[in-house]
Amino acid sequence: MRNPFLTFRAPTRKTGDYLVSKFVKKDNFSSLRLARAYTFSTRSTAVSQFSLLSLSQRSFQSLKINKGIPEKHKIPLISSKQFSVTSKRSQNGSSGSNSDANGRKNGQKNDDSKKKGLNGNDPKKVFEIALNGNTILGGILVAYILYNVLSPNANMQEITWQDFRQQFLDKGLVERLVVVNRNMVRVILRGGVASGSGQYYFSIGSIDSFDRKLEDAQRQLGIPPSEFVPVAYHDEVSVLATLLSFAPTLLIIGSVIYLSRRASGAAGGGQGGIFGIGKSRAKMFNHETDIKIKFADVAGVDEAKEEIMEFVKFLKNPKFYERLGAKIPRGAILSGPPGTGKTLLAKATAGEANVPFLSVSGSEFLEMFVGVGPSRVRDLFATARKNAPCIIFIDEIDAIGKARGRGGQFGSNDERESTLNQLLVEMDGFTSSEHIVVFAGTNRPDVLDPALLRPGRFDRQITIDRPDIGGREQIFKVHLKHIKAADNIDLIAKRLAVLTSGFTGADIMNVCNEGALIAARSNSNEVQMVHFEQAIERVTAGLEKKSRVLSPEEKNTVAHHEAGHAVAGWFMEYVDPLLKVSIIPRAQALGYASYLPKDQYLMSRGQILDQMGMALAGRVSEEIFFGPEKITSGASDDFQKVTRMAQAYVTQYGMSPTVGTIAYPIDTRETVQKPFSEATAQMIDEEIRKLVKHAYERTKKLLLEHKQGLENIAQRLLQKEVITYNEVETILGPRPYAYKHLNISELMRQSEYKNDHDPRNPPIPPSPQQPSA
């Protein structure tokens, strides 16, 4: 059945023509119902809406008359009572309302709209004030009215002393004067005196001066002292002035509240505003939260993952452990170098656990206000108890967990220590809970308070170290899943794991991402091994500076410097395998030699001496070929490495026969007094100097023996800029000390195609071994 009702907005000429042609002349409807009136603008007020209603009525009456509608077609206009007054800004509005029959047909829908209010909006939000022209004008009007009402001088006219004397005092119209607040005189005229303003006042500088002038003026007028104009003195408190005096304070308080609300809103946690500053900023995750990281995404830290999974299993099924009398540890600290996966493990725990997971940073407990830290700790654990069983993760706990009393020589740590004390109480105090587990992450477990590490609080300390070659291979496989690689992922991961000794999980993720970016930059459809190798160089050595042009003299010096490193490393026994030598500037370095260190946890005396000799080989080569007068500053970084190794050799490893097996701290910045005598310090300095000198002379002797081979390496570098292990082997011959842990020749043969595609490396025939000098 067709709907017999027509809904339209406020009538226009086009609307009237349509009604007359389609309905009125055909006698197809009997009445018009104006259900609602809207202005569809920001100036929507009751006055404008009722004005629109009147306009609509007049328009319909004019429509019926002007269109020549017969008397029998006179149509009554029925005005509905469904009007709503709103000051809320409306952009779209509504097109009218249905008739009674249509309303009965859609009764439930209309009821819902009534509950929501006008236009379906929430009635609680109807009276939001919009910042527009009417609002500003209304505010100015209200301020003006308040000023007139509250200001005592608002209805008074200010005059000068001359006006006062000529118009009032000389004519004898002044009944009395009132000195207000010692700076203003109010003129009270005699009764019956007609004046334009009614009341007048003038300002004075001082009361004594005013009294003298008034007395002199009255004497000049011949007024006897007994008939002088009486003067009264009193103080008045202006309501407006009082309010204005509080205005700066109120403005500051309002600004603080506004900024705190914005800050809390941006943080997305805790109660808004300054009144919620003691609330915890922890974010809660549960099984309904979209966390995509799972334990399957964490690789290379199998032992730590197993420890964490044990906590999760206990919270999921505590009865399995309790039947054996076991108690879950209260907490665990995840420690290790940056980028090893501490926070990633916590994210995986949040993604796997079916219990609530609260995550917070240690720095979020500390604010500029006293007492905020302990309050947030209490609120954090109160939230955890409400959601028990629950897991709490505090990242960078060393921000609040440093040992008490440290660093207090130059300032107070009361607030941080109070926060730490509250954390200790919450973890193992009278109100502690057995179903709350606390995880914490830190890079510096050595600075934490012993009370925090004792059993009953953080029972377990899980150290997450840099992954070994097997761990790196697993991590590469995880990240290579999302990359379109040219070769088999397992083969790529195995090779890259060998090339990235000492890399953390974050470094490996960066290498994979950089490799994909390099492939995209070169318009490649797939990521090849050469792209990953370039990414490793990008991460370890820095960005290649092709725009940095060296002079021929500088380039020759850099080539001989890097050739010295390569030759020394080739003929020294305990040196890491050489992969590549380059004189292309990268980052702050003008050249570099790339080595392949193995996973090693102990260093012998011979290894330290060989490492020192190889680091000094660059300076030694410059001295051999250019003389002592032309050595450069390019070896400054090498000297720093050598000095650190020599200091550790003498003061930490106990390898110096003179100093003996005694450990001395070299870094004494945190202490005022050195823990050893001046004689001991002098002996340490002398031993370090002797050790470095011995390494220098030993390296110089080695390079002089292979001077011709060094020169050949330098010339090849000047020709090609980059040479690899196989080319060095072609020039210098087989290495005297074979690498036992891997086959370098086979490893480098897998990437020989790289040199074939590099325009800097044209193919060259192998040359016979050069005779040694």
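Note that Cβ sites are derived from N, Cα and C of the backbone, with glycine treated the same way.
Here is what Swiss-Prot records for this protein:
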ACT_SITE  Glu562  active site
BINDING   Val298, Ala299, Thr340, Gly341, Lys342, Thr343, Leu344, His479  ATP binding site
BINDING   His561, His565, Asp638  Zn(2+) binding site
COMPBIAS  87-101  compositional bias 'Low complexity'
COMPBIAS  761-773  compositional bias 'Pro residues'
REGION    83-119  region 'Disordered'
REGION    752-773  region 'Disordered'
TRANSMEM  126-146  transmembrane segment
TRANSMEM  239-259  transmembrane segment
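Location within the structure of each feature annotated in Swiss-Prot.
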residue : record              : Cβ contacts under 8 Å, 6 or more apart
Ala299  : ATP binding site    : Gly471, Gln474, Ile475, Lys477, Val478
Thr340  : ATP binding site    : Val301, Ile464, Asp465, Arg466, Pro467, Thr504, Gly505, Ala506
Gly341  : ATP binding site    : Val298, Gly300, Val301, Ala304, Ile464, Thr504, Gly505, Ala506
Lys342  : ATP binding site    : Leu334, Ser335, Gly336, Asp395, Gly441, Thr442, Ile464
Thr343  : ATP binding site    : Asp395, Gly441
Leu344  : ATP binding site    : Ile293, Asp297, Val298, Gly505
His479  : ATP binding site    : Ile508, Met509, Cys512
Glu562  : active site         : Val581, Ser582, Ile583, Gly591, Tyr592, Ala593, Gly618, Ala714, Leu717
His565  : Zn(2+) binding site : Val581, Ala593, Met614, Ala615, Ala617, Gly618, Ser621
Asp638  : Zn(2+) binding site : Ala615, Leu616, Gly618, Arg619
At a 10 A cut-off on CB-CB distances, which of the binding-site residues Val298, His561 has the highest count?
His561
Environment of His561, His565, Asp638, the listed Zn(2+) site - residues of the same chain whose CB lies within 8 A of the CB centroid
Glu562, Gly564, Ala593, Ala615, Leu616, Ala617, Gly618, Arg619, Ser621, Gly634, Ala635
Looking only at DSSP and grouping its letters into three states, which state does Val298 (ATP binding site) belong to?
coil
Compare all C-alpha positions of Val298, Ala299, Thr340, Gly341, Lys342, Thr343, Leu344, His479, the record's ATP binders, and send over the largest distance in angstrom.
17
Once the DSSP letters are reduced so that anything not helix or strand counts as coil, what is Leu344 (ATP binding site)?
helix
